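Trainee: A single structure is presented below for examination.
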Amino acid sequence: MRDIVFIERDPYAPIRHCYTVSKILYQGKSPYQEIQVIESPEFGRMLILDGVVQLDEKYEFLYHEYLAHVPLHAHPNPRNVLIIGGGDGGTLREVLKHDIVERAVLVDIDKEVIEVSKKYLPTLSVGFQDPRAIVVNEDGYKYVQDYENEFDVIIVDSTDPVGFAHVLTTEDFFRHVYKALKEDGIFVAQTESIHYHLEMVSNIQQRLKKVFPIVDLYTSVIPIYAGYWWTFSIASKKYPVRTPAREVKVQTKIYDADMHEYAFLPESFYNKIVNGEYKY
């Protein structure tokens, strides 16, 4: 009997990943995208949107812990958090590990992703059961425009910033985010691969610098993502972000106070990336 193999065809990176599939758990289509959940003997369950792997059970913590805990620990009092995207629930789960968080609003345009994750990805979707979680099925770009001085931290956990997610990387969106944040708010977004999307990373950093006084870049190594070396762009109205502002008490697999600082690129290397001086 031949193995079933899933070949990821990421249109935004010149690379192909192949995964052995032991079982196809779900396959369907929402009004916005194709949704699949497969079981891999090496990576556990995997969520695939429009043919691109979004996460795997084995290594998802390398993404969700960094996306959530760096901004939340950089802020001394993050009580109200907005997550745009993240319908799988992984970022919400990590945010709600912080007892100080009183409200976590998750806005994802695709209700089907949330429902599929609740059924097939229980280790990620546990946060939806928390009474502090509020789920809104709307366009995150439009949602954020309705708020001013509302959130302590805003996290964008989107698919690749192209297609309907492209607006979440524009200067216009960043200005709406700035307005929706409180006077000491912090913003973070996943911003793709240093290896294959270097120009995009640099452009997003430049746009953020037009809006926020403090802008920085940190990374994590994520085996299932193109190029492995993944970036997160972070912006702050007030607080420096390279060191935690609070004691790290949350239970994690890898994130801690040391890893928080290690995640940030050396400033000399960071400046080369932002200024477009770093070339392969």
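Cβ coordinates are placed from backbone N, Cα and C, and glycine is handled just like the others.
Found this in Swiss-Prot, in case it helps:
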type     : residues                                     : note
DOMAIN   : 3-237                                        : domain 'PABS'
BINDING  : Gln33, Asp108, Asp139, Gly140                : S-methyl-5'-thioadenosine binding site
BINDING  : His64, Asp88, Asp157, Ser158, Thr159, Asp160 : spermidine binding site
ACT_SITE : Asp157                                       : active site, proton acceptor
Trainee: If you measure Asp139 (S-methyl-5'-thioadenosine binding site) to His64 (spermidine binding site) at Cα, how many Å is it?
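Mentor: Per the Cα atoms, Asp139 (S-methyl-5'-thioadenosine binding site) and His64 (spermidine binding site) stand 21 Å apart.
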Trainee: Rank the binding-site residues Asp88, Asp139, Asp157 by the number of other Cβ atoms within 10 Å of each Cβ, and give the residue at the low end.
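Mentor: Among the binding-site residues Asp88, Asp139, Asp157, the sparsest Cβ neighbourhood within 10 Å belongs to Asp139.
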Trainee: Which chain-mates of Asp108 (S-methyl-5'-thioadenosine binding site) that are at least 6 residues away have a CB under 8 A from its CB, listed by sequence?
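Mentor: Result: Ile84, Gly85, Gly86, Gly87, Ile114, Val135, Val136, Asn137, Gly140.
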Trainee: Take the C-alpha atoms of Gln33 (S-methyl-5'-thioadenosine binding site) and Ser158 (spermidine binding site) and report the distance between them in angstrom, rounded.
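Mentor: So the Cα of Ser158 (spermidine binding site) lies 13 Å away from that of Gln33 (S-methyl-5'-thioadenosine binding site).
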Trainee: Give me the count of other Cβ atoms within 10 A of the Cβ belonging to His64 (spermidine binding site).
Mentor: 25
Trainee: Output, ordered by sequence, the same-chain residues six or more apart from Ser158 (spermidine binding site) with a CB under 8 Å from its CB, or 'none'.
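Mentor: Non-local contacts for Ser158 (spermidine binding site): Ile84, Gly85, Gly140, Ala165, Leu168, Ala189, Gln190.
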Trainee: Could you pull the average pLDDT for the domain 'PABS' (3-237)?
Mentor: 94
Trainee: Secondary structure at Gly140 (S-methyl-5'-thioadenosine binding site) (DSSP, helix/strand/coil)?
Mentor: helix
Trainee: For Thr159 (spermidine binding site), just give me the three-state DSSP call.
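Mentor: DSSP assigns Thr159 (spermidine binding site) to coil.
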